[in-house]
Amino acid sequence: MSHNTTAVDDPRQIKRALIDASAGAISGAVSRTVTSPLDVIKIRFQVQLEPTTSWSVVRGNLSGASKYTGMVQATKDIFREEGFRGFWRGNVPALLMVMPYTSIQFTVLHKLKSFASGSTKTEDHIHLSPYLSFVSGALAGCAATLGSYPFDLLRTILASQGEPKVLFALTYVYPTMRSAFVDIFQSRGVRGLYNGLTPTLVEIVPYAGLQFGTYDMFKRWMMDWNRYMLSSKDPINVDTNVSSFQLFVCGLGAGTSAKLVCHPLDVVKKRFQIEGLQRHPRYGARLEQRAYRNMLDGLKQILMSEGWHGLYKGIVPSTVKAAPAGAVTFVAYEFTSDWLESISW
């Protein structure tokens, strides 16, 4: 069913864009805040050059003392040294990043799906092919990344550096988001705020594409299952039969599958973001400025010096985080979107 855009539709499209942007921002903020502790642990693993598993230490694959060797150990260490607040380190720039990110992502996604399906109605978008869902999600992810990347960089730096303390006669790690922004901008310019953008864009294409593509696919399966189980005679309204728990399961599967495939690219991205960062020696070796020439060189060097385990550092907290993050994001978005639509005029 095609939908021709007319002047009458403009207010509806503006309203729909505002709903998508608002629902995206709220769902992103809720998801990021809930999963921040897992994200902090994941980042600490990803930027640690030393082995992150006790198994690697036993094998003798050790270049220095490892700060974090397991998820439980890392949790205890962070809590003991930095307190409860340590698990939300960098959450302000994370929120400043994720709110515009999810706003742009869901707004662009709706526009692309409307264009691909020929309809602005959300219920018509579920019938798009997996290929179109993948492409729409990938392009929406790229647009959102470009619009929010500096906050992602600041988030990684603040979450990775540990407790901000003066390092004797040397320098100090960044105590606030503002100090990090000013120092990076003064020392590296605007390009410094986009350090690691290339591997991020390379990562976001398959990640966002898989996340939204598989979510739509899982949701269609749930609708078919409900239709089969309930023998519905009204296929137009079958979408209303998808429960909040089923949406949660769809988001769970979508977030997990996307993260498992794209994790090595996320590790390289994090390494680029913390190049040259001053760190307290107790957090392990420091990654020198321009340690990697490009993304492929980063993958190669990590593989050679740290093995396959290096490319999957932080995979446990990352996967544990990706599942609820994806689920919470999609459920919060759908509920917020429906609520905003019901109260708008």
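Numbering starts at 1 and runs along the chain as it is shown here.
Glycine residues also receive a Cβ, built from the backbone N, Cα and C atoms like all the rest.
Database features (TrEMBL):
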- 15-115: repeat 'Solcar' (REPEAT)
- 128-221: repeat 'Solcar' (REPEAT)
- 242-339: repeat 'Solcar' (REPEAT)
Number of helical, extended and coil residues in the repeat 'Solcar' (15-115), per DSSP: 80 helix, 0 strand, 21 coil
Composition by DSSP (helix, strand, coil) of residues within the repeat 'Solcar' (242-339): 75 helix, 0 strand, 23 coil
